[in-house]
Amino acid sequence: MGNAEYDDDEYPSSMRGENRKKHQVEIPPPQPFLKSLKNTVKETLFPDDPLRQFKNQPPLKKLKLGVQYVFPIFEWAPRYTFDFFKSDLISGITIASLAIPQGISYAKLANLPPILGLYSSFVPALVYAVMGSSRDLAVGTVAVASLLIGSMLGEEVNPTDNPTLYLHLALTATFFAGLFEAALGIFRLGFIVDFLSHSTIVGFMGGAATVVILQQLKGILGLDHFTQATDIISVLRSVFTQTHEWRWQSAVLGFCFLFYLLAARFFSQKRPKFFWVSAMAPLLSVILATILVYFTHAENHGVQVIGELKKGLNPLSITDLSFGAPYLSIAIKTGIVTGVISLAEGIAVGRSFAMYKNYNIDGNKEMIAFGMMNIVGSCTSCYLTTGPFSRSAVNFNAGCKTAVSNIVMALAVMVTLLVLTPLFHYTPLVVLSSIIVSAMLGLIDYNAAIHLWHVDKFDFLVCMSAYFGVVFASVEIGLVIAVALSLLRVLLYVARPRTLVLGNIPDSNIYRNVEQYPNTDTVGGVLILDIGAPIYFTNASYLRERISRWIDDEEDKLKSSGETLQYVILDMGAVGNIDTSGISMLEEVKRNLDRRDLKLVLANPGAEVMKKLNKSKFLETLGQEWIFLTVGEAVESCNYMLHSCKPKSGMDASFSNNV
């Protein structure tokens with residue numbers, strides 16, 4: 001359109017622009033850089049304002065609150081009752097019956113001595129009871145972390161040929177995992193774990209569970225030699241090239257106990273009041289299998305047994321931590337990877353049960369608690385621990401009230417270490433494999449994958465990429481692929497934000513997406529575009545081209561009706577921030593529109609955007625009068641100019657004279 005000047009004498013005074021109210025879009029007051037930086041850091045690292053409780057408190061009260069913040073046990077212990085203890089006692093004994101066989105099984109999965117699985121259910125549980133904020137989390141070893149330790153360290157050191165070095169590296173990796181977890185909590189960097197999306201975790205856990213199940217074929221079939229690789233091709237090749245070494249006695253025993261474990265779980269799922277049937281099944285399987293092997297001497301007929309387990313509590317292992325070359329890098333790498341995975345699982349499980357019971361847990365405090373229990377654990381012959389779902393679910397269903405259930409479990413494990421370990425001598429390895437397979441089948445959440453397919457195809461792609469990456473390549477590759485795809489999606493959201501054409505909902509002053517609301521009315525001569533994301537260097541060029549394309553499409557559409565496009569309104573409500581590249585993009589858009597005799601109008605810009613547009617002098621270039629508080633006001637003013645004013649010929653428009 002030609003920029004025309006409008007004659008106020010051509011229309012009634014009641015319709016003149018100066019009598020029509022326009023809400024001013026304010027420019028926020030200037031703020032010192034250090035104060036702005038402080039606010040940004042605060043919002044990034046302290047969104048929950050953890051220091052709020054310390055405000056206006058006397059020194060002794062602050063000291064008390066500080067101790068309770070670091071050690072939550074001092075907060076709830078004064079309110080602890082005998083009724084709570086009865087519930088925690090039952091829960092603790094119940095999860096101990098699950099922790100003992102699982103601990104031994106998962107230690108074997110990590111290629112570590114079985115006794116370390118028992119050690120890891122003793123000291124870390126006591127540390128978490130003092131420092132953890134979840135009432136329902138049951139601490140212990142997990143299959144996925146055990147598999148990661150076994151696969152990553154096994155690439156560098158053979159656990160059979162050099163078991164001492166392998167053990168030292170596993171303890172060192174646990175130390176670095178704890179150090180990393182505690183650092184994330186102390187420096188409030190827990191948002192890093194959020195990069196593991198729900199779809200990533202579903203696919204990764206399912207793939208890891210599949211790999212773990214396949215690896216248990218070694219124990220079920222009684223094989224002496226087995227591949228160290230975790231991919232499905234290597235595992236199946238190792239199984240079917242040794243058919244002459246399969247032991248039917250071991251296979252029959254394994255499948256019988258697997259059937260019993262699955263039947264017990266199915267029964268407990270159908271009748272939740274009998275949760276203890278499933279919880280007690282692993283320990284009962286160990287007891288029955290041990291008795292059977294002892295009286296039948298099955299160890300002489302192809303059934304492998306655990307052998308001797310040392311009696312006594314956790315020996316100190318601080319001197320076993322290995323910080324020297326050449327294996328330090330693999331220990332750090334293993335620690336960080338396993339630490340992130342176990343942290344994500346533990347916090348997700350804790351939050352799930354906390355939400356169900358309507359209380360809150362502090363994610364950063366949980367990270368510190370996990371970190372400290374792994375640091376202390378690495379110095380007391382424990383390997384990586386977290387809050388596994390299966391054990392926590394049993395703890396929850398058993399009616400636990402506080403973290404005392406972890407203390408009861410630790411005491412039960414202590415009694416086992418001091419008195420009962422010789423009884424595990426004849427426990428067959430095949431029953432441990434059956435316990436692992438039973439637990440892992442619950443981690444393959446195909447219902448979640450189907451849900452992802454129906455809701456979001458890209459999330460399903462991420463899930464399947466993680467799954468197949470783990471199953472056909474390795475655990476690390478699957479994790480890297482899934483995280484990379486998740487980050488790619490984040491980048492696509494930032495680099496290719498949605499731009500939508502808005503229309504007016506009839507009989508209202510509301511403007512919405514014309515595709516979502518097909519009954520909306522368009523405003524002749526006005527194109528309204530909604531920018532759906534902050535404008536940064538990553539998307540500035542794309543937005544410039546996309547806006548230009550929208551304008552071309554609108555002009556082509558209007559030509560057929562004999563109308564012309566005159567105003568382009570950008571709804572900036574979703575633009576939370578803008579950088580210098582984004583400002584340059586707006587300047588280019590304005591120059592392009594000026595060449596085409598079109599006018600750029602901004603609606604609903606936020607405080608940060610207004611501040612930067614003002615500092616860059618863009619507001620002076622555009623004109624403050626072309627910025628409106630709402631899309632409705634912007635359309636009303638543009639529509640008023642189009643239909644209520646008669647332009648003088650040969651003169652440039654001055655919209656500012658009429659607003």
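Every residue, even glycine, has its Cβ placed from backbone N, Cα and C.
What TrEMBL says about this protein:
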- 1-11: compositional bias 'Acidic residues' (COMPBIAS)
- 516-638: domain 'STAS' (DOMAIN)
- 1-29: region 'Disordered' (REGION)
- 89-106: transmembrane segment (TRANSMEM)
- 112-130: transmembrane segment (TRANSMEM)
- 137-154: transmembrane segment (TRANSMEM)
- 166-187: transmembrane segment (TRANSMEM)
- 199-217: transmembrane segment (TRANSMEM)
- 246-267: transmembrane segment (TRANSMEM)
- 274-295: transmembrane segment (TRANSMEM)
- 325-347: transmembrane segment (TRANSMEM)
- 367-386: transmembrane segment (TRANSMEM)
- 406-424: transmembrane segment (TRANSMEM)
- 431-454: transmembrane segment (TRANSMEM)
- 466-488: transmembrane segment (TRANSMEM)
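Within its own chain, the transmembrane segment (406-424) has Cβ neighbours under 8 Å at 88-89, 91-93, 95-96, 99-100, 103-104, 114-115, 118-119, 121-123, 125-126, 128-129, 132, 137-139, 286, 290, 306, 308-314, counting only residues six or more beyond its boundaries. Across the domain 'STAS' (516-638), DSSP assigns 61 helix, 21 strand, 41 coil. Residues 95, 99, 102-103, 106-107, 109-112, 117, 120-121, 124-125, 128, 166, 169-170, 173, 204-205, 208-209, 211-212, 215, 228-230, 330-331, 333-334, 337-338, 341-342, 345-346, 349-350, 353, 373, 383-388, 391-392, 394-395, 400, 403, 405-406, 409, 436, 439-440, 443, 474-476 of the same chain lie 6+ residues outside the transmembrane segment (137-154) yet bring a C-beta within less than 8 angstroms of a C-beta in it. Contact between the transmembrane segment (89-106) and the transmembrane segment (431-454) is supported: at least 3 Cβ pairs lie under 8 Å, counting only residues 6 or more apart in sequence. Between the transmembrane segment (246-267) and the transmembrane segment (431-454), three or more CB pairs separated by 6 or more residues in sequence fall under 8 Å, so the two stretches touch. Take the transmembrane segment (367-386) and the stretches 112-130, 199-217, 274-295: counting Cβ pairs under 8 Å, 112-130 has the most.
The stretches the transmembrane segment (466-488) and the transmembrane segment (199-217) meet in space: the count of Cβ pairs below 8 angstroms, excluding pairs fewer than 6 apart in sequence, reaches at least three. Contact between the transmembrane segment (325-347) and the transmembrane segment (166-187) is supported: at least 3 Cβ pairs lie under 8 Å, counting only residues 6 or more apart in sequence.
Distant neighbours of the transmembrane segment (166-187): 45, 110-113, 116, 149, 152-154, 156-159, 193, 317, 320-323, 327-328, 330-332, 334-336, 338-340, 342-343, 363-379, 381-384; these residues of the same chain sit at least 6 beyond its ends, with a Cβ under 8 Å from one of its Cβ atoms.
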